[in-house]
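> Dumping the structure here so I can ask a few things about it.
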Amino acid sequence: METLLHAKLLLSAEVESLKSGSFDQTYVKKAEHIISGESYQLVQQFVDKFKGKISISGEISTSSVIAALNDFLNVEVFKMGQENEMLFLAIALLQTFIQNNYTGPAARLKAISGLFGKTGIEIGAVNTALSRSLAIMGQPAYEFMDDPLYLVLSLLLLERITGQKSLFDVTPDQEIPLPIISAESTPGLLAVAYWWWARALLTQLSLIPEPSGFQASVASAIYQSADLAYAITKELPESIHEDFKRELCAMYYLENVKCSLAINTEHLCLPSLTRAKKITNFEFVMTGARATRTKYQQKAHAGLIILAKSFTFQNFALRTTSATPETFALESDLLLEKPHFESIADEPLDEQIYSKRQKVDLNEGYEEDKLLPLALRQENIPKLLLDLNPNDQPTLSDYDNIQLLLRLYTIKNTTPAKDPLVEEELTALLSRILYQNGDKNWSIFARSLWERSIIETTKAKTIERGLLQMQSLVEELDLKIKSKLVPSSSEINVASRLSYIHQLPFIPRWQLDATLAEKYMSLGILKSAVEIYERLGMACETALCYAAVGDEKKAEEILLQRINENDSDARAYSILGDIKQDPSLWEKSWEIGKYVNAKNSLAKYYFNPPPKSGAQPNYSATLKHLNDSLRQYPLSFETWYFYGCVGLQCGKMQIAAEAFTRCVSLDPYHALSWSNLSAAYTKMDKLKEAYSCLKRAISCDAQKNWKIWENYMLVAVKLNEWEDVLTACKQLVSIRRDKSGEGSIDLPIIEKLVELLVTSEYPEEPQQLSYFQKSCTEFICNTLPQVITTSARCWRLVARVELWRKRPWAALECHEKAYRAISHNPDLEVEEKVWNDTVDACEDLVAAYESLGEMEGKYGPGSLVCKDWKYKCRSTIKALMSKGKGRWDDSPGWDRLVEARSQI
């Protein structure tokens, strides 16, 4: 029953459901406190029980404080056989830390003074040491967080419960074993502990500016497989409803996505989002509908809308009713509060999405396996959604709202910033969450308001509302701000704020304030931005603020002051190195904290040294620094990609192959990585491997990348995969024809395809044609003529295929076009080579008239291909001689024309 109780705690289940089971009521009471947002009561009991029990030997420092905590836990707290008790304590500590730093309002406890028995200045020193203990790879955690003791204790307890090596004792040069979780062999309670440990590690990662270190690797390993959830569900009583297990699995996939977003592996999000969507039976689609956006708009115009409906609602999660965050009306003289959509079924055919998208295959009108399933036409909208009122859609379940938010974050992390179309998609997602009736969860609603405000602050007509909303949301977390726009409310439901905090990406309260400062900075309000950064104690961000406006001297002063105050801040050294372009500062950053960005900066410096340095590119040094960086943080896709590109450039194909192999394992859908991996294999004479990589590349989103298709074509030629060569040729022409015209045609390859095509006899019945013959004929005879403009060589190839098809009239027409293409060359009268080429074309055309003219024509027996072919021969020769008369009379080409005329 312990596993069931903890499963309910993971889900933040209804408190009443705990009382109905045959649970140990002592643990039920603890679970009630945690689920109801009263974790601080368990923490207070813990502090009261062990008051003054932690003693620090010697000077107060990070190492001495961690050593004291370890001794305290080993002697006083952690007892074998009491893992369940310790797990509740670890959860309560984590939840209290999150409440104090992420959701608010803070629970003011005096834990440090109680446990350590310290007062005055010593409390501040212990708090600073605890904050610094949460640093990762030279990146200090935010120093002014509240109660870091709670998170440190929670992490230490969870490490003991799971039996894993403590990450507080690991040096950057060491290697640690990653957790392995099995659905069959891992006990359910241990799986629960792993789950909470991953949550705590993601909390720690959110305290630093950039994800790195062992914490990211361990969290990723825990969330790697759904065995984490299955290890728990296998131990649940048979009487437990299947819906409960489904909710647990759905929550796992949501947190898996959150983890991927947190450690910058967002390309892994889509499979988990797809599984979560299936488990919750969530139906949604993005499509187009006509809408009015202004008060005086007479005609509605097409826009994007998310149609969504929940078919499964959480039956076990805590249902909370609380005041939603303060919202601000737009109060615009022009814009409506929200777009008013007309009926989906009334969308005119010429205003549907596909009419605005070029080259869309209308047979694929519904794209489901995307971050945003897309219906290009009305008939492609799922029937379950087609009847929805776009202005009054039904309430979504909390899990489905979270899915939309997670898809929004994934899109933001994988698309260019400030892209108008992307912003329209994000706005459609947020509108679906915000504009729905029914109860709203505080955290979900507040996060949606925050993301909407970030978009609105980029637009002139909505910037005022956006800034006010951001300021209001910052204040609602109960920050220590002297003057507030919104009065504090005493009716705050902490449980509502905490219920989905582990499924939504973490945003600490100071990060909200820092984002507000970034907005001020983007608007040129430097003073307000600097004031916020200084209030938050973010020296590095303040320096970057000044550097962004060109005041690098001031930025250097701030960073030097920061280094004097905390000489272990590797990030400050690295940023100072970025500003001064000084390799010694990056080396210092790496020396004191193994800060991976310092090594990345060194690699970029030696790859492309600044002109004033006088240095030459040093690829060996670049590879060395990148290798050091990747040893510390092997989850960085960008670093692996750069590593591979450098390997390609300096001819080290083994390194390039290794790097791009890691890239495609991190992001299996990155077409350029597959293409570059194939390039490395090609150089290593591993053509089959290169061919397989290119097949993966073109199966990814590479429809517009002609270089990938060209590489695919060339490797396929070497392997004699002629059907794939043909496919690549067709795709190359399709992609490049608008910009390059007939330059998109690879003539040597086309000639080889034609040679292969005409070696066999043309069958009597068209149905007997093979796939290659049909496809190649269609390409040569239908596609190429639309592209050819001046290439006589191309027209001759088309003529050859037409003759093979037993269409001599079409072949003769191609010969005529070939001659016209070259005879209209303006250089005909000045360059003898052009003159001779034209004479060759004329002779070819005359020969074609002679050989094809008397064949059976297009209209069957009795008709000829060209009845007056002799006349056309003479006319063609005469016309060319008139162009060359007076300039090429004495040339060999002229003599050939005279001879040809005499032989007719």
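Cβ atoms are placed via backbone N, Cα and C, with glycine included.
Swiss-Prot feature annotations, pasted as is:
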| type | residues | note |
| --- | --- | --- |
| REPEAT | 510-544 | repeat 'TPR 1' |
| REPEAT | 563-596 | repeat 'TPR 2' |
| REPEAT | 603-636 | repeat 'TPR 3' |
| REPEAT | 637-670 | repeat 'TPR 4' |
| REPEAT | 671-704 | repeat 'TPR 5' |
| REPEAT | 706-739 | repeat 'TPR 6' |
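Just tell me what is around each of these and how deep it sits.
Below 8 angstroms of C-beta separation, residues 142-145, 206, 209, 450, 454, 457, 463, 466-467, 470-471, 473-474, 477, 479, 554-556, 558-559, 561-562, 569, 571-572, 575-576, 579 of the same chain, each at least six residues beyond the ends of the repeat 'TPR 1' (510-544), sit close to that stretch.
Across the repeat 'TPR 2' (563-596), DSSP helix (H, G, I), strand (E, B) and coil residues number 26 helix, 0 strand, 8 coil.
In the repeat 'TPR 3' (603-636), helix, strand and coil residues by DSSP number 22 helix, 0 strand, 12 coil.
Per-residue pLDDT, averaged along the repeat 'TPR 4' (637-670), amounts to 94 for this model.
Listed by sequence, the residues of this chain that lie at least six past the ends of the repeat 'TPR 6' (706-739) yet keep a Cβ under 8 A from its Cβ atoms are 359, 671-672, 675, 678-679, 682, 687-688, 690-691, 694-695, 697-698, 745-746, 749-750, 752-753, 756, 771-772, 775-776, 779, 783-784, 786-787.
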